[in-house]
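Novice: Have a look at the structure that comes next, please.
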Amino acid sequence: MIEMGRLLRIRLRLRRFMRRHHLVFTILRSLMIFSAGFGGAYGFIKASMAEKSGYNPHTFAIGASFLFALACVGLATLSMRLRFLAKKLHKVALHNEVLADRNWELQEAEQRARNLFEQQGDLIVMRASNGAIVFVNDAYCEMAGLDRENLLGSQFAFELIEQGDSALEPSGTRVHDQCIDSAIGPRWIAWREALVRADAGQPAVLQCVGRDVTGRTETERALADARDQANAANRAKSRFLAMASHEIRTPLNGILGMSGLLLETPLTPEQTTYAKAVRTSGEALMSLINELLDYSKIEAGKLALEAQPFSLTALIEEITELMAPRAQGKQLEMAAYLDERLPTWVTGDAARLRQVLLNLAGNAIKFTASGGVALIAEPGIWPNEISFQVRDTGIGIAADAQERIFREFEQADDSVARSFGGTGLGLAISDRIVKRMGGRISLQSRLGSGSTFEVSVPLPAALERGEQNSFRGPDLTGQSIMLVAPAGLQAELIERRLQNWGAQTCLVAETEVAEVLLPERAWHAVLIDDAIGSDAARSLGEAARHHTTRLIVLVTPASRHEQNPAAPFHFYLVKPLRAASLATRVGFEVDGAAMALADESLPTIAPPIAAQAGAGLSILVAEDNDINALLMRSLLTKLGHHADIAVHGEAALDSWHAARSAGAPYDLILMDVQMPRLDGIAATRRIRAHEASEPGRRTPILALTANALVEDRYACFEAGMDGFLVKPIDRDKLEEALANLAAARQVAA
Ligand code: ADP
C-alpha cells in the first residue's frame, strides 16, 4: 500500500512538472522522436550500403516495408489519441459551460440575498473584529442618515440614550434593548448580536440585527403606566371604602345598640315590631358593609393570609354552634362531622376559612326550608388537603346558574334572591379567598333537592403540636348504643361517629320501636333526641332507665333552659354535638359521682367580672361619639358596672390619673381608637409608659374599633392594649369580653 502511494505521488509530481514545463517537455519529446527516427533510418541505410552488408534487395524491401508499417502504426495510434483527446476536450467544454451557468446562478442568488438583506426592515450591520463596518443594509443607513459608502469601513455607532435589559441566549446570541438617537429621532431597538464566520480561515464578524420596537415599547410603557394608575385608583378606592365603612359603622353602631336597648324596655307589640325591624335592617346593612370591605380588600390584593396553627375541631364546632340558633330557628337540623383521620391542629388562616365556611353555611340555611344543613370535614384527594362540605336539603341551584353564582353580584334566580335577600357577593369573595389559599370550591346541586358546596384547601398538620395532634375517641368496641332520633343528616353523622369508635349502633326513629328494642340487651348508652318531642323523649327515658347507665338526652340550646333534663336522664348534650362532649359522655367509666348532671357541650364561660367581684366594676369609657358613649354607659350599667365617660384621649388620660391618685383606679378602660386631640393608641401608649415608671396595678385596656382591618388590630396590641371589641357592640359581646378578661386575670393570679 505504502509502495503504491509513493508511486502515485511520484506520478503526480511528474505530471505537475510536465504541466509547468510544457515547452521544455515538448522540445525534449520532439528531439527524442527525431533522433530515434533519424537514428533508425540512418542506421538502416548505412548498414545496407556497407560493403559487407550482404545487401539483398528482398530483405531491404522487407525492412523498408517493416519500417513503413511501423510508421503507419505510429500514425494510427497518434490519430486515435488525437480523437480521444478531442472527445475529452468536448466534455470539458460542456462541463465548463455547466460550471459557468452555476456560477452565474450563484452570483444571482448572492445578489438576491444581498438585496434581501439590504432591503430588510430590520437594521443589519456586520463589523470586523476591530469594529469596522463590513456590511450595512438600507434600514441601517436610513436610521444612521449616512450613505453606505460612508458607513462601510467606518466605526460608526449610534448615540445611546438608554440601555435596556440584556440577556445571553444559550446559543451565544446576546439580546438587548437600546434607546438610540437616530436620524429620525429617538428609537427603541431590540438587538440580537452574534459572532458569525463568513469564510473558513477568516476571523469571525459580529453580526447585529436590530428591530425597531419603539411602538411596542411605548405601548408597554403606556400600559404599565395605566396599570400603575389603575392600581393607585384601586388602592384609593379600597382606602375610601375602608374609610366610608368606618364612618358608616359608627352611626350604625348607635342604631344597632340603641334598638337593642329599646327592645329591652317595655314596649307595645307594635313598637317591638318596629324596633326589631330597625335592628334587622341595621344588621343587614352591617353585613353588606363588611362584604364590601372584604371585596375591596381582595380587589386591592391586600388580602394577606396568615399561616398559624389552629384547631380544626374548634373551628368546625364554632361554626356549627354559631349557625345552630339560626337553623334551629327555622326548625332545621344542623350537624357537623369531623373525620378522625384528620389532624386536630393544622396550619393556615383560620379566620378566612371561618369566613368562607360561615358564608356557605349561612347560604345553606338561608336557602333551605326543611331538612337540615351539615358541615363535614374529611381528608381531600391530595396529601395535606382537607375537604369541607356544606350540604343542605334546600331549593338547589339550576345547572345553568352553577358557574355564574361565583361571579360578583350574581344570584341564581333574581326572583328567589329578592325573597331571600343578599347581595351576591358572598360566593365571589369565598371563591377568591379559597383560590388565594391554593384551594378550590366546587358545587353539586339539583334544583329542588339541595346543594353541596365543597371547599378543598391545603392545610398541613401543625407538627409543632406533636402529641396533641390527633383526637382519639373512646374505644367502644363491642358496645351497643341506641340512638333515638328523627332520621336525617344529624342522626346519620352521630351514628357514623359512634361506629368509628367501634360501637354497634341502633338508630331508631320511632319511640314504639325503641321501646320494643330496649329490653333486648344491656345498652352501653341510650341517646334520645329531644326533637322526637319532649314528652315522648321523657317517657322513653323512663322506660330506658332500667336498661342503661348512660341515658343521654340531646337538646337544643333553647330547650335546655325550658325544661329540666334531670329527670329521668343522666346527662344532656346540646346540639350540635361536639365530638369531645359525646366522647366523654359515652366513653368514660361510670361511677357514682359522675352521674351528676353536667354539660360539656358548651364552652364554660367564666361569669362576668361583676359576679366574681361581688360588685360592679369601675370602668372608664373613652369615646367621642355621644350616642356610642351613651350606649356603652347603658350597657355597662345594665351589667351592674359603673361607667365614666371621657370624650377624647386627653380627657381619658386625665381621668385615669385622677382616679389613680385618688386611690380608686379604674378596673378597666374601654378605649375608642379614633378620637380627637389624642387618639386611643397614643393615649394607651402614655398610660403604659406611666405604669412602667410607677409601681401599681396595670389597668386592662380594651380597644373599641369599628375598623376590622388586621393592621389596626396589630396597632392596638402593639400600643399595649389587652384586646379589642369590634363595633357595633352588643350586650353579649361586652359580657363575653369582660368574662374573658376575668378568666385571664384568674390565670394570671
Ligand atoms: P347572596 O347569598 O348574598 O345573594 P352569594 O354569592 O352568597 O350571595 O350567593 C349567590 C347566589 O347563589 C344566591 O343568591 C343564590 O341564588 C345561590 N346560592 C348560594 N348558595 C345556595 C344554596 N345553598 N342553595 C341554593 N342557592 C344558593
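Glycine is no exception: its Cβ is also placed from the backbone N, Cα and C atoms.
Those TrEMBL annotations? Automatic predictions, nothing curated.
The domain 'PAS' annotation in TrEMBL covers 109-165. TrEMBL lists 243-461 with the feature domain 'Histidine kinase'. The domain 'Response regulatory' annotation in TrEMBL covers 618-742. Taken from TrEMBL, the feature 4-aspartylphosphate applies to D672. What TrEMBL lists as transmembrane segment is 21-45, 57-78.
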Novice: Are there any residues in the same chain, six or more apart in sequence, whose C-beta is under 8 angstroms from the C-beta of D672 (4-aspartylphosphate), and if so which?
Specialist: A622, E623, D624, N625, N628, G680, A703, L704, T705
Novice: Give the helix, strand or coil assignment DSSP yields for D672 (4-aspartylphosphate).
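Specialist: D672 (4-aspartylphosphate) sits in a strand per DSSP.
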Novice: As a test of reading the model: what is the averaged pLDDT for the domain 'Response regulatory' (618-742)?
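Specialist: Looking only at the domain 'Response regulatory' (618-742), pLDDT averages out to 82.
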Novice: May I have the DSSP-based helix, strand and coil counts for the residues of the domain 'Response regulatory' (618-742)?
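Specialist: Its residues fall into 62 helix, 24 strand, 39 coil.
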Novice: Taking DSSP states H, G and I as helix and E and B as strand, how many residues of the domain 'PAS' (109-165) are helix, strand and coil?
Specialist: 22 helix, 16 strand, 19 coil
